C-alpha cells in the first residue's frame, strides 16, 4: 500500500495557528488589554429571521411521516436550484436550473471539481491567493504557474499570452486583496481562455459585496458559458459559514473533446456526495425570498459600512490599499516598509488589533496585511481608532 | 485542457433509472393497481422527537448573536465526536475523540478517502457490491480485483492468500446481501491485512441492525487499529438519509511508511471540506442522548420486525436467502431459475411489487434479488402476501 505522496509536498499551513499562538501568548501576558480580532474571514451577524423560520419549519416537517424527506437529488432540490437561477436573472444572467449544482460550500466544490481534470493539466493561480487553490492542486500533483498580483496591476493581474495553462483560477471580489475585476478585464480573461482552450474556475464567493455595475458573475461576460465554471456560496451572503450551502454553475456549452463537463460533475457528485441536508436547502431558499433578501441586505450593509469606516481611516492616514469598497477585505501596504509579520507584531502589541499577515497568502503578499470588515461595529471603530493613533 | 479520462471508463448506471422507467410504464398502463416499492434503500420513518427538538433549538440559536456559530472545526465539534466515542464504548471499543471525523455521510467519505492513496494501489472489492466502491476507484484509474461472494460462501467471502491487494473493501452487515461477518471471520481479514500491509476500508453503515453479539465495528477485532478505517453513518441508524451526518474512524496507529493516515485525512478534510452544519451536528448529538437512543430504537425495531415478517414468508416458501436477521436487506435467489430482471418483471406485473435486481450489484448478483425492510408495515405485509401467492 502506498499513500498519495503528493500530500508530503504540501507545506504545513502555520498561518492561522501561528496567529492564534501569538495572540494567546500576548493576552496571557496582558490580561488587562482588550484585543480586537479583524483577522479571520468569518461572519459575526446571526442568521436572519426568515432563514431561521425556514430551518425550524423544515426541522418540524422532518419529524412527520408526510413531511419527512429521505435521500434527495445529489445536485439539490429544484426549489433551490430555481431560486438561484432567479437570483442570477436579477444580474441579467440567464441560467437553466439544471446548470446549477447545490453543494455544502464553495471550498468543497473548488477542491472536488479537480476530480474532473487530468493530473497533467497545468494550472494558473494568482499570487497572493486563497491557499485552497494551491493545496488542492499539489494534492493532485499538478504543475502550478503563479501569476503575479501586485501593486503595479492593482492586484488584478491580466492574461499573459506567453503563459500556457489549462485551468485558470480567478476570484473577484478577491480574497485576500478585495480587488474587483470590471467587465472589460473579465472579458479579456474570457477571450484568452476561449483562445487557448483553458477553463476558468471563477470563485464568486464574495459577489454579494459588488456594486456600481461591476460584474457579480463571470456569466455576465459574453463567451463565458464556453469556458468557465463559477463557484458561489451563501457563507458571506447570508452568514452560512456554519450552516453550509453553496452552488456551482457548469453551463451546458462547456465541453472538452465533446464531453460535457456538467455531465462529468453530475457523475462525480452522484457518486461521491449525497446532497445538502433538506433542512439547510429550505433555509437557503429563504435567503432568496423577498423577505430574506431584505433581511440579509441589512447584514451586508452593516459589513459594508464597517468596510467604509475602515477605508476612510486608511485613506486619511495615506495608507495604500485595495478592497473595502466592494469587498469585506482591506488589503493594505504595511507602513514604514515593515514586513507582514513585523506589522502583525506591532499591531498586536501597540494597538491590540489582530489582522492577517499578507505573506500567508503567497510570495507577493509579503509587505501587505489583510483586515476584515466582518467584526462588530463598536470593535471595528475602536480598532481603526487605535490603528490611526499608532500611525 | 484534458479531462480525467477515467470518467469515460465508467459504465452508465442504469439500475435505478431502468427500474423507475419500468415502474412508470407499468403504472401508466394499469392505473388501478397499487404498486408497492421495496426496492430503494431509503428509510421512511420520520426523524425522532429528540432530534427534531435539537434541530429546532440549534436553528433558533443560530438566529441570535450569542448563539450564532460560524466556521466550525472541519472534523466536527467535540460534543459530537465525544458522543460517538461514548457510543463505541458501549460495544467495548475504546476510541479517542480525535480519531473520529464527523462528515456529511459515509458515501462522501468512502469516495474522498481515496485521495489519500496512490493511484497505483490495487483494490479488492467483493462482488456483488455497493456500486460506489467500484466507481470511485475507476474514477481514479485504480486496478480492481473482484472477490466472489456467492451462495457457496454465504455471500461472505474470506481472504485468499493468492490474491494481492493494497485496499480491501468490506461491508458488514452487507449491502446488498444483508450477510454479516462474525468475529472469527473478521479476525481472519484483519490478520490477512496486517500480514500483507493492506488497509481495510470497513463500511459499517448498517451496524445498528446487528445483534446477538455479532461485531458492530471492525475495531472489536484485535489488530484492526493497525490496518482499518471504518465508515459509519446516521442514515439508517436515525433516518438521516436527508439530514446528512456520518463519521469515519482513523485510528492513531494506522500509518504507512511512517506517515499517519489520520493526519493525511485531517489535511484532506481541512482543505476540501468545511464541516457539517452546526444545526445538523446538534441533531446528530441528540441521536446519542438517552432519549434519542430510546426513540431511534423504536424505529429500528419497526424495520427489524418488517425484516422478520419478510424472512418468515421467504422461509415458508422455501426460498434461499441471506440477510433479514441483522440487516434491513433480504437477498433472495430468484425462483424457477429466473434471471434478476425476469423476476423483477414478473414481480412487478403479477404481484405489483418492486424490488432491486441483483444483477445491478455485479456479476455474482445475477439470479438474485434484493428486498428492503424500510417500507411501511401495512405495505410490507401486503407485498409479502402477494409474493407468497405468486409462489
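Using N, Cα and C of the backbone, Cβ positions are placed for all residues, glycine too.
What TrEMBL annotates here:
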BINDING   A:14, A:41, A:107, A:130, A:175, A:274, A:370  substrate binding site
BINDING   A:71, A:106, A:107, A:130, A:175, A:206, A:233, A:234, A:235, A:244, A:274  pyridoxal 5'-phosphate binding site
DOMAIN    A:34-386  domain 'Aminotransferase class I/classII large'
MOD_RES   A:236  N6-(pyridoxal phosphate)lysine
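Less than 8 angstroms from a Cβ of chain B: among the recorded positions A:14, A:130, A:175, A:233, A:236, A:370, that describes none of them. Between the CA atoms of residue A:130 (substrate binding site) and residue A:233 (pyridoxal 5'-phosphate binding site) there is a gap of 15 Å, rounded to the nearest whole number.
Taking CA atoms as the reference points, residue A:235 (pyridoxal 5'-phosphate binding site) and residue A:175 (substrate binding site) are 14 Å apart. Rounded to a whole number, the C-alpha distance linking residue A:274 (substrate binding site) with residue A:236 (N6-(pyridoxal phosphate)lysine) is 24 angstrom.
Separation of the C-alpha atoms of residue A:107 (substrate binding site) and residue A:233 (pyridoxal 5'-phosphate binding site): 9 Å, rounded to the nearest whole number. Taking each Cβ in turn and tallying the other Cβ atoms within 10 Å, the top scorer among the binding-site residues A:14, A:71, A:130 is A:130. Neighbours of the residue listed as 'N6-(pyridoxal phosphate)lysine', defined as other CB atoms within 10 A of its CB across all chains, total 26. Nearest in space to residue A:370 (substrate binding site), taking C-alpha to C-alpha distance over the recorded positions A:71, A:233, A:236, is A:236. Under the DSSP three-state reduction, the residue listed as 'N6-(pyridoxal phosphate)lysine' is assigned to helix. Mapped onto three states, the DSSP output places residue A:370 (substrate binding site) in strand. DSSP assigns residue A:71 (pyridoxal 5'-phosphate binding site) to coil, not to a helix or a strand.
Comparing residue A:175 (substrate binding site) with residue A:236 (N6-(pyridoxal phosphate)lysine), their Cα atoms are 12 Å apart once rounded.
You'll find the Cα of residue A:236 (N6-(pyridoxal phosphate)lysine) roughly 27 Å from the Cα of residue A:71 (pyridoxal 5'-phosphate binding site). Secondary structure at residue A:130 (substrate binding site), taken from DSSP and collapsed to helix, strand or coil, is coil. Note: the Cα of residue A:233 (pyridoxal 5'-phosphate binding site) and the Cα of residue A:41 (substrate binding site) are spaced 14 Å from each other.
With A:71, A:106, A:107, A:130, A:175, A:206, A:233, A:234, A:235, A:244, A:274 listed as the residues that bind pyridoxal 5'-phosphate, the site has a largest C-alpha separation of 35 Å. If you take the Cα of residue A:41 (substrate binding site) and the Cα of residue A:71 (pyridoxal 5'-phosphate binding site), they are about 33 angstrom apart, rounded to a whole number.
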